[in-house]
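These come from TrEMBL:
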TRANSMEM  41-67  transmembrane segment
TRANSMEM  79-101  transmembrane segment
TRANSMEM  107-126  transmembrane segment
TRANSMEM  147-163  transmembrane segment
TRANSMEM  169-185  transmembrane segment
Amino acid sequence: MLDKMTEQLFDWQVRAGIQREADRELYQYAYRLLVHKASGLLLILGLSIAAGIVCETIVFIAAFMPLRQYAGGCHLKSAGSCLLFSLFVVMMGGYGVHGMASLTEDTWFNIVWYLAVLAIFFLAPVGCRNKTLDSIERKIYRYRTRLILLIECAICIVTGLMHWEMLYFAVQISHFVLACSLIVGKRQ
């Protein structure tokens with residue numbers, strides 16, 4: 001069904017003069033990726049609305065996605081299993097932010113966060129069987145990962161000092177989840 005939909009969309013774009021027939025394969029692939037990503041995000045939004053953790057989930061995703069894009073980590077074999085696991089991780093991240101925001105003592109979690117930051121700093125980027133990294137990509141991804149990590153650490157410190165618990169814990173939890181993903185990804 002998805003293939004048929006992307007085919008019809010591209011046919012319309014060719015007739016309208018927006019795209020060239022020579023680019024069909026590339027654009028149909030891009031449309032499929034877009035639909036998969038959008039459907040995953042809509043599903044996450046629907047579940048977070050039902051669970052009453054919309055803000056927490058959005059803040060977790062905002063901290064997690066930019067870093068995950070360059071750091072890499074654990075990847076599953078099929079798109080379906082990846083979607084289900086991603087839903088689980090994001091919803092647990094949202095619940096984690098929701099639960100942690102009510103803590104009065106967070107010293108133990110700060111220690112875990114420091115360890116997660118160190119793991120990300122030293123392990124990233126982690127490729128996978130679907131995306132192997134050559135030496136140039138590894139250098140670029142490592143630089144971007146460390147830059148985003150530095151920015152997110154600064155955000156975490158500022159939000160902690162300002163007592164903006166939701167943002168503070170969202171960044172910390174996203175770093176913990178990503179560090180776990182990197183460790184598992186290294187072992188794959």
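Just so it is clear, glycine is given a Cβ too, placed from its N, Cα and C backbone atoms.
Long-range neighbours of the transmembrane segment (147-163) within the same chain, counting only residues 6 or more positions beyond its ends whose Cβ lies under 8 Å from a Cβ of the stretch, are 63, 66-67, 70, 113, 117, 120-121, 124, 171-172, 174-175. Comparison of 41-67, 79-101, 169-185 by number of C-beta pairs under 8 angstroms to the transmembrane segment (107-126) places 169-185 first.
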